[in-house]
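Engineer: Relevant sequence annotations retrieved from TrEMBL are reproduced here:
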TRANSMEM  80-98  transmembrane segment
TRANSMEM  280-303  transmembrane segment
TRANSMEM  323-348  transmembrane segment
BINDING   Asp396, Lys397, Thr398, Glu500, Phe541, Lys564, Arg598, Thr678, Gly679, Asp680, Arg791, Lys797, Asn820, Asp821  ATP binding site
BINDING   Asp396, Thr398, Asp817, Asp821  Mg(2+) binding site
ACT_SITE  Asp396  active site, 4-aspartylphosphate intermediate
DOMAIN    843-1097  domain 'P-type ATPase C-terminal'
TRANSMEM  878-900  transmembrane segment
TRANSMEM  906-927  transmembrane segment
TRANSMEM  956-976  transmembrane segment
TRANSMEM  996-1014  transmembrane segment
TRANSMEM  1021-1042  transmembrane segment
TRANSMEM  1069-1090  transmembrane segment
Amino acid sequence: MSFFGLDCVRKKEREQERKLRANDREYNLPFRYATNAIKTSKYNFFSFLPLNLFEQFQRIANAYFLFLLVLQVIPQISSLSWFTTVVPLVLVLSVTAAKDATDDINRHRSDNQVNNRKVQVLIDRKLRSEKWMDIQVGDIIKLENNQFVTADLLLLSSSEPLNLVYIETAELDGETNLKVRQALPVTGDLGGDMEKLADFNGEVRCEPPNNRLDRFTGTLTYAGQKYPLDNEKILLRGCTLRNTEWCFGLVLFAGPETKLMQNCGRTTFKRTSIDRLMNVLVLCIFGFLAFMCTILAIGNYFWELHKGTEFTIFLPRPDGNDAAFSAFLTFWSYVIILNTVVPISLYVSVEIIRLGNSFYIEWDRKMYYARNDTPAEARTTTLNEELGQIKYVFSDKTGTLTQNIMTFNKCSINGKSYGDVYDYTGQRLEITEHTETVDFSFNPLADPRFMFHDHALVEAVKLENPEVHAFFRLLALCHTVMAEEKTEGELLYQAQSPDEGALVTAARNFGFVFRSRTPDSISIVEMGKQRSYELLAILDFNNVRKRMSVIVRSPEGKLSLYCKGADTIIYERLHQSCSKLMDVTTEHLNEFAGEGLRTLVLAYKDLDEEYFNQWKQRHHEASTTLEDREDKLDQLYEEIEKDLLLLGATAIEDKLQDGVPQTIEQLSKADIKIWVLTGDKQETAENIGYSCNLLREEMNEVFIISANSLEDVRQELRNARTCMKPAAAENSVFLPERILGKGVKVVADDVVNGEYGLVINGHSLAYALESSVEQEFLNTACMCKAVICCRVTPLQKAQVVELVKKYKQAVTLAIGDGANDVSMIKAAHIGVGISGQEGMQAVLSSDYSFAQFRFLQRLLLVHGRWSYLRMCKFLRYFFYKNFTFTFVHFWYAFFCGFSAQTVYDQWFITLYNLMYTALPVLGMSLFDQDVNDVWSFQHPQLYVPGQLNLYFSKKAFFKCALHSCYSSLVLFFIPYAAMYNTVRDDGKDVADYQSFALLTQTCLLFAVSIQLGFEMSYWTVVNTFFVLGSLAMYFAVTFAMYSDGMFLMLPSAFPFIGTARNSLNQTNVWLTIFLTSILCILPVVTYRFLMVHLCPTINDKVMFKVRQAKAMPPPPPRRARIRRTSSRRSGYAFSHAQGYGDLVTSGRFLRRPAVSRSSGFAHGRPTTGFSPMGRSAGYSPTGRPQNTKTPDVEVTSLQMYRSIRDPAL
């Protein structure tokens, strides 16, 4: 570590494979593995000042003002005192340094807190308490219950039976469910024996440090045997040990090499479009400043040649100073004087405005979610105005548009649909809170909060229908849920996904209660009878398989495989005899899809004992190999999961969040395009799109892109474009990427008649994102009102966002709630995280966060629009007042011999931006609003000008510069003419330099204050106080500085003695101030009057309505309930994660033996850890109280009849 805190150590070669030996620091030392100390801070005590100043002066504005300060200390060219620049510069540098120091001190405290945590380490055959920072690779450490995991560990042994541990991984992946890890049997035998642990000298060879949280490969060599290592034997730093008394672990990766720290990559610094525009404008201003200084220097050169000789008698020149050298010095003198075109206070004010508008977001009670005690949070303060310019919103579906709380609603068993309620005429009834629920009193182990309304299913269970029993038996056996029963009958399920929790709970209520599991068995209660099934294998779920299976042996010795998964996947593996049943089930699946339900197909097969034994042997060989382990296991899974017999299908509802349809409707009216990027299958996402108003039946057409080749995808996209706009195909000429180069062509939107939607699935999207097709895809998608991308990976989500950013001159926003949304959130201009059911990973990576999707409309249409409006008004006014201030110097130069004399008093120059005009413009920028929030919602079209950059652009900037030029002419020549050859009331001369300077600066202050009043739309007590107070402050300070006392104290600093009282008591001075103010404002009033009457903007129209309504809030619009009958196919969106299955197989799994229990049907009703909602079982992975309020959106209807077929016919 170098003196300045920079890592100057020679970087070691990239690690290819990690080798380490337990309890042998000498062996591990030559590899130079990182220690367990972490460092997230940037500075130390000695490096802070130089490094921080170096960073601050990388900003062009700060470097510019430092350059000016250097010029001002050169007497030959400086006509201003050094303090006019050094005071604001030091203020800005100090405030920024204080902020950076505070942030870094907090980082130091956090680092020290973590590094100084204590943990027990096995050293010299004894457990010693050591600091985290002193832990090294190869150490064996002991963790106790509720402790954080110190480093990335190989689990050696634990206090639990079968060497299991339970961990919470919320800091890693946002999941609040408990996960299970299990040690190898060979290390588990070490137990807690210190002597055995101290003698353990196993060697580990594993992958190098990486950021993959979901995989680990390695081997342990011990006692001459080699054992495979995978992710299920690893405890990662950031996890917390739960429900486990103690465990021992071997440190594999420490400190910055742990997977947690490897995932803490730097977030891309985001800048707003206004920031980027400002950089361009500042460079233009610098160029214009150099141009003005050059003109004045040339003027000085000619003046010195023709007039300068007349003054050399009483103003002798130093030797060698000719006209050219004088002009050179004059150039730099005017660089100093005219530097106020870019005042440093501009950047200070911008940061204050952004900070204030961020507080408004956090203080907004209408964005506070009381149920979870979650307020909105502005996690960054630099992007507020960008919220007022959003054109594209990219949204996740599950947990963002929906609640991620699953309710078991319907099912299809052996060709019969269950879940609907019918009256005596056979008409289907709408299910409400008052609909009669099924009585589960026959089952004392049922969840008391589970609700189901179709009595036919319970009757089928009671009548011991074999297919119905097989259906619920499968749900009770085929899962990776953990059951915890602390006391008799009190069941608490820990499920990896809310889907699984809802399914197991449904089986529980219908009489098939999952009670417990051991590594090789599953205990369930079937209709009051305790039964134990031998668990032989779990064929685990992953994103490719999209299914999971279990192989069990019943108490009667029957071998069975139970499988559940996506409909399309299961259908491919069914026996031919199921074709008729498959057709009926497909109809039911289509019916379930009409409500956007998540579907799952269930199937089974009986296995031959001899075949299974052969398969089991091959499975063991594949699971212990180090090469292509996953591919070999997949082949085995494919082999055995064939010729399945169909049982039926489940339908789970992922409820929409409150207000989602209304929010999407409002955002659409604001011309914001919404793209849904989801991992769900096409049919589910499409139906959720309809239920949340993203897609509508009234649309001209919804295009489905589902081709399987590059050319087919291109053709389908072109066909869609031709349908929307026939002429588009002929004009679709796209430049190849090599021609575009860095200067990427901005693709304009095509205007189409009508509204269209686009749905594209994952494999088609992969082709659409290739460089040769991406512009075709983008053009087609941008012509549509709504776009839904299905089955997309996290990487594809980010690629879609990057594609729009690349070719569209538009601001993007991504919103999501899960770890799979992080890449999309980081890629967009604005990232919004929803603190929902999938943890906090998205929130931690976001710029803004809140609890409900419906708050997005308030964030954009109110806070975003106001922030953008305020910032644009601020910039227009700030440039106006400073250009006007500076241009007066330019005109004065032609009357002072280009001598670089200032037209104002030096103290006025210093205080103009810091005191006289700072608070009024800040007041406008923090409190101004054209209309209130109610009118903003009533007229979402008010948002459109922000998307088009109408409030501040290069054009608006040059208009502002022209206005300033006119005002400066008035402010110089009117006072000049008014004082030329005039006398005071007593006949004395008034036309001296100091009186003229006082009159000009007073006229300037009045003119810019009145202009501010015209800019302001919303006057408050604070605004009024700031404007009037600043004027009062000007006169108070002026009279004080121009007093006799100040002159006597410091004659050189306060030369304007008596000027104020001698000038401001003259009537003609005040008349001049009045005249200049009128002339400055008159063109503005005239222009605005004509524009409002001839070309009114949407803001003018709405503000006119507001004045007509006398600011009374408009009545809320009535919303028609949306009803839709659809037969669109549903989608399987199983949110289960890979990995649990391996933990259950091979004679290993979960928990110490449960309390002794009987079958349970003779006991009272139990309590559970669930909080179901709606009309059936609801499962929340967090265990939080769930919403029991029905969303204000009527569920779309199914077909009004039911088709019942007897499978025997």
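The backbone N, Cα and C atoms fix where each Cβ goes, glycine too.
Predicted, not measured: the structure shown is a model, and the values here were computed from it.
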Engineer: Taking only C-alpha atoms and a 10 A limit, tell me which of Phe541, Arg598, Gly679, Arg791 are near Asp817 (Mg(2+) binding site). These are the binding-site residues.
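Structural biologist: The binding-site residues passing the 10 Å Cα test: none.
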Engineer: For the binding-site residues Asp396, Asp817, Asp821, work out the Cβ neighbour count at 10 Å and name the residue with the minimum.
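Structural biologist: Among the binding-site residues Asp396, Asp817, Asp821, the lowest count of other Cβ atoms within 10 Å belongs to Asp396.
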Engineer: May I ask for the residues of the chain that lie six or more residues beyond the transmembrane segment (323-348) and have a Cβ under 8 Å from a Cβ within it?
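Structural biologist: For the transmembrane segment (323-348), the sequence-distant neighbours (Cβ-Cβ under 8 Å, at least 6 residues beyond its ends) are 59, 61-62, 64-65, 68, 71-72, 74, 76-80, 85, 88-89, 91-92, 95, 282, 285-286, 288-290, 292-294, 296-298, 300-302, 304-305, 308, 317, 878, 882-883, 885-886, 889-890, 893, 898-900, 902, 909, 912-914, 918.
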Engineer: Distance check, please: Cα of Asp821 (Mg(2+) binding site) against Cα of Asp396 (ATP binding site), rounded to an integer number of angstrom.
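Structural biologist: That separation, Cα to Cα, works out to 7 Å.
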Engineer: Could you pull the average pLDDT for the domain 'P-type ATPase C-terminal' (843-1097)?
Structural biologist: 89
Engineer: Among all protein chains shown, how many Cβ atoms are found within 10 Å of the Cβ of Gly679 (ATP binding site), not counting that one?
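Structural biologist: For Gly679 (ATP binding site), the count of other Cβ atoms within 10 Å is 24.
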Engineer: At 10 angstroms around each C-beta, which of the binding-site residues Phe541, Arg598, Arg791 has the fewest other C-beta atoms nearby?
Structural biologist: Arg791
